[in-house]
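Chemist: From TrEMBL, here are the annotated features:
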ACT_SITE  His83  active site, proton acceptor
BINDING   Asp84, Val87, Gly89, Asp91, Ser93, Glu105  Ca(2+) 1 binding site
BINDING   Pro180  substrate binding site
BINDING   His210  heme b binding site
DISULFID  Cys52-Cys132  disulfide bond
DISULFID  Cys85-Cys90  disulfide bond
DISULFID  Cys138-Cys342  disulfide bond
DISULFID  Cys217-Cys249  disulfide bond
DOMAIN    42-339  domain 'Plant heme peroxidase family profile'
SIGNAL    1-19  signal peptide
SITE      Arg79  site 'Transition state stabilizer'
Amino acid sequence: MARLNLAIISLVFLGTVLGSRGQYEYDDDNVVAISENSTLYGLSEDFYRHACPQVYSIVRAGVEAAIKIQQRNAASLLRLFFHDCFVQGCDASLLLDDAPFFIGEKTAAANNQSARGFEFIDVIKASVEEACPLTVSCADILAIVARDAVVLSGGPNWEVALGRRDSLTASRAASDHFIPDPTYDLPQLLSSFQAMGLGAEDLVSLVGAHTMGFSRCTSFEQRIYNQSGTHHPDLNIEPGFLKQLHDRCPPHGDPNTLQPLDWESPASFDNGYYKNLVSQSAVLHSDGTLYSEAIAGFAGIRELVEKFAEDEQAFFASFARSIVRMGNLRPLIGDKGEIGHCDLLNCLLPRSPSSRNLVYYIHGIRVPANSSQRPFPNGYGEVFRNKITESYEYDSRQIGVYQGSYPTVRDGSVVSLRGTISLATSDGVRARFNVRGPYDFSQLTSIMPISGTLGGRSFLGIQNATVLFAYGRNGVVKGQAKICV
């Protein structure tokens, strides 16, 4: 079925390249002027001028094809860029699938049944690769796709700064932590955007993307039936619109029923969303709070909502500035990251030239992926020694996964690890362990609690460590980690 869907998308893509244009024509002379200097972040509008000048036309054709299949896809493709940038920066980590020893972001609660349209990115990437192999990153494709989805739906145009590279890590936990939830109130929304280095105007501008697309009943049923546990609807919903929502999403109805976020013009990128906010006809609590909570002390935000409701061009200009600013969030440039395959790390691809960089860590012992060497080859009662004489220092952007590397042992087994283990994570946790053995294994995890997926900008160092494993006859050996280095 997946192959059939991709085949259909590809056929529509080809027809779009050869045939008609989308609902809205590009006006390349009507580009919003942006004061944000992307070159400060290592990005530039002409990054692919010589290496792949046709990338823009290829991506545009792919977005047109997606919208031709279903207009809703414009909002979905735009949402992918937002959900990607809010986790580790705009690095395409959202696109990575779960794989053995690798946990992606697609199945995070914030993305599951919310982020969609990945198959269109796959088709666009394949077409770009055919024209310019190993040149254009998935992160840059997402940035161009977001712009084209807006323009082809009637919204503003802007220059897209390029030069990003693709992440070697992903974080499901960070997705759920940083991506704003539809139940957020205004202070939570502001805090979420401020954590990304974005301000109040960026918040009001970027949520204007809700002028397109849909939401499932489950995302707002609490608001219309049991706001804050009161067993009553949100008092800030206009009564006539509340009745529409009740009719659309009755009690015990299908929670996956779709409701347009901008009920008057869900297929167009316009300022109708802000008019709905002013008339108290917002679908999501997080949208309604921009206007209702502004009464209680956020006058500047309320004024912005009213300004955008009255002046569509002001909204367009502000949205373009804010999405460029968001696109500059912590890009991987230079030799960081990779030019990826989008859905899998290059080192996880079958027969990939970079697969030589794939190594297994078995009980903390570095073993080449193609090696038959394994600890305890002769069965129970053996002792395995490994002297680690080199130092390992990896930015986590070079580390795919480091998880579950401890063996499960019984019967008085001992583990001796002498050396220095260093760990620093993206949330500021730092630790250095001078581990002395021997320890019974049951003591080890409290002595050296290094497991799980390392987050962005993490650091793992192993210096001059001697590892000794010995275990009883009933020992059971489990656990390994696979790391792209």
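Including glycine, each Cβ sits where the backbone N, Cα and C put it.
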Chemist: Compute the mean position of the Cβ atoms of Asp84, Val87, Gly89, Asp91, Ser93, Glu105, which form the recorded Ca(2+) 1 site, and then list in sequence order the other residues of that chain whose Cβ is within 8 Å of it.
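Modeler: Neighbours found: His83, Cys85, Phe86, Gln88, Cys90, Ala92, Leu94, Ser167, Ala170, Ser171.
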Chemist: Over the domain 'Plant heme peroxidase family profile' (42-339), what does the predicted model average in pLDDT?
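Modeler: Mean pLDDT, the domain 'Plant heme peroxidase family profile' (42-339): 93.
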Chemist: Quick check: in three-state DSSP terms, what is Gly89 (Ca(2+) 1 binding site)?
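Modeler: DSSP assigns Gly89 (Ca(2+) 1 binding site) to coil.
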Chemist: If you compare CA-to-CA distances from Cys342 (disulfide bond) to each of the binding-site residues Asp84, Val87, Ser93, Pro180, which comes out shortest?
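Modeler: So, of the listed binding-site residues, the one sitting closest to Cys342 (disulfide bond) is Ser93.
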Chemist: Tell me which of the disulfide-bonded residues Cys132, Cys138, Cys217 ends up closest to Gly89 (Ca(2+) 1 binding site) in space, Cα to Cα.
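Modeler: It is Cys138, whose Cα lies nearest.
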Chemist: Per 10 Å Cβ neighbour count, which of the recorded positions Val87, Cys132, Cys217, Cys249 ranks highest?
Modeler: Val87
Chemist: Who sits close to Asp91 (Ca(2+) 1 binding site): which same-chain residues at least 6 apart have their Cβ under 8 Å from its Cβ?
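Modeler: When sequence neighbours closer than 6 are ignored, Asp91 (Ca(2+) 1 binding site) has Asp84, Ala139, Arg164, Arg165, Asp166, Ser167, Arg330, Pro331, Leu332, Gly337 within Cβ distance under 8 Å.
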Chemist: By the DSSP assignment reduced to helix, strand and coil, which category contains Cys132 (disulfide bond)?
Modeler: coil
Chemist: Check the Cα distances from Ser93 (Ca(2+) 1 binding site) to each of the recorded positions Cys52, Arg79, Cys249 and keep only the ones within 10 Å.
Modeler: none
Chemist: In whole Å, how far does the CA atom of Arg79 (site 'Transition state stabilizer') lie from that of His210 (heme b binding site)?
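Modeler: The separation of the Cα atoms works out to 9 Å.
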Chemist: Whole-number Å only: compute the distance from the Cα of His210 (heme b binding site) to the Cα of the residue listed as 'substrate binding site'.
Modeler: 13
Chemist: Starting from the Cβ of Cys85 (disulfide bond), draw a 10 Å sphere and report how many other Cβ atoms land inside it.
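Modeler: For Cys85 (disulfide bond), the 10 Å Cβ neighbour count is 29.
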